[in-house]
Amino acid sequence: MSDKLPWIIKYRPKRVEDVVDQEEAKKLFLPWLRSWLQGRIPERKAALFYGPAGVGKTSLVEAAANEYGLELIEMNASDFRRKSDIERIAKIAATQFSLFGRKRKIILLDEVDGISGTADRGGLDAILELINITKHPIVMTANDPWDQKLKPLRDASLMVPFYRLSERYVVQVLKRICAAENIECEDEALKLIAQRAEGDLRSAINDLQAIAEGYGVVRVDLVRALLATRDRQYSPWEMLRNLFMSKYIWQAKRAVTHTDLDYDTLLQWINENIAVQYTHPEDIWRAHEALARADIFLGRIKRSLSWDLLPYVFDLVGPGVALARKKSKFKWAKYQFPQKILMLAKTKEVREIREAVAEVFAKRLHTSKATVKREVLPFLFIIFRERPDYAARIAIGYNLTDNMIKYLAGPLASKVKEHMNALLMRLEKPATVSTATTATTARTTAAETSVAASRAAKRTSTSRRRTSKSRRRGKGSGTQTTLF
């Protein structure tokens, strides 16, 4: 322990080969960097390093700059907030060579996922502008590059994934540091540090330095006493990687229980990527069988609130899926975002309008929204797309909004609105016209009543005269009858 310099800086990799357990990242990054150095500007002028913290993203850039003799210009996301900073960085990116001779440069933009696309002035637009004008390679780092706001950066960059380091490589680095610092250490203690760091080499080195400088020795009992287990929450991609790499039940179970995904979304992620990771049909069948059984248990939990069944769900989606791999070899695969979730996101607005339409008709028809969607909506679609005139009456009567009309009528929405306007104009005629019409009708009715009354009077008078004559004849005929 010759000085007080933090070990993560003192033992930072000086060469590319010193960056351990990131071979895939090296295979993608180094050819891209060499094309810059050879004067062949690649199609994608920037590279985006993404992965969990402490796995070597920044270290690989620094090691490459040192090995290839490049001037490293390192900036954080906070440097992209003011216009003056953006202009300064733009000048650096547009300058061909360094002030210190003809030395090439490499630009490192750290933690770009911390930039707000709306709040920070410049922000992502400034980075995209730098990528367009740069004459030097630009490398960006991010822990989670899958935020929607970072999509323009993903499209403009070479995506370079970094993964959590294996326990074996972390232990090797810790052993080298202990040897260089003349620290007495136990192998089991180093393994315990590596396990609790969970692939984060930076955390492991910091833990090692804290124990070594405090006690002068690294023993198992000290590690257990001083280091609490880090309760990490895995991202979806980390969860999948850890799940499919699991060799033991506890590893698989830990992968699915240490994530912020809800139960349904967890099943969607695993279901989407089983066929991506597994290649043998029998392995795929076994994994989907376990997932289907987990879905059954989850359905029972929702219906009966029997949360005591939840451990069975985790046993099936974790060990059940992980141990289904018998014949497929593990491979580094690009996992996919669940298509069902993407479709739900794309159709969110349509589904909201559908719910609003169902609610309007359910209130007026005194039924449930489910009944409206099942029994009424199909007929509404037909009416609105076949008979715009009838649809206009329904739209006015139920006070439907423009979005509701567009949803029901589709391309005929404009015709429905034309009929609505015509109908409303007819209903909104001036009141004087109605009064005049009513007066005319009243006069006509009165005249007709007068004529009818006159005719009735004449019929009554005629009837009376006929009755009088009949009576006189009746009396005469009675006398004659008596005489005979």
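Here the Cβ of each residue, glycine as well, is placed from N, Cα and C on the backbone.
Taken straight from Swiss-Prot:
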- Gly51, Pro52, Ala53, Gly54, Val55, Gly56, Lys57, Thr58: ATP binding site (BINDING)
- 435-455: compositional bias 'Low complexity' (COMPBIAS)
- 456-475: compositional bias 'Basic residues' (COMPBIAS)
- 435-484: region 'Disordered' (REGION)
By a simple count of other Cβ atoms within 10 Å, which of Gly51, Pro52, Gly54, Gly56, the binding-site residues in the record, is least packed? Pro52
Additional residues surrounding ATP, by Cβ distance to the Gly51, Pro52, Ala53, Gly54, Val55, Gly56, Lys57, Thr58 centre under 8 Å: Phe49, Ser59, Thr141, Asn143, Phe162, Asp200, Leu201, Arg202
What same-chain residues, at least 6 away in sequence, bring their CB to under 8 Å of the CB of Lys57 (ATP binding site)? Phe49, Tyr50, Gly51, Thr141, Phe162
Have a look at the binding-site residues (Ala53, Val55) and report the one with the fewest Cβ neighbours inside 10 Å. Ala53
Three-class DSSP secondary structure - Gly54 (ATP binding site): coil
Could you tally the C-beta atoms, other than its own, that fall within 10 angstroms of the C-beta of Thr58 (ATP binding site)? 19
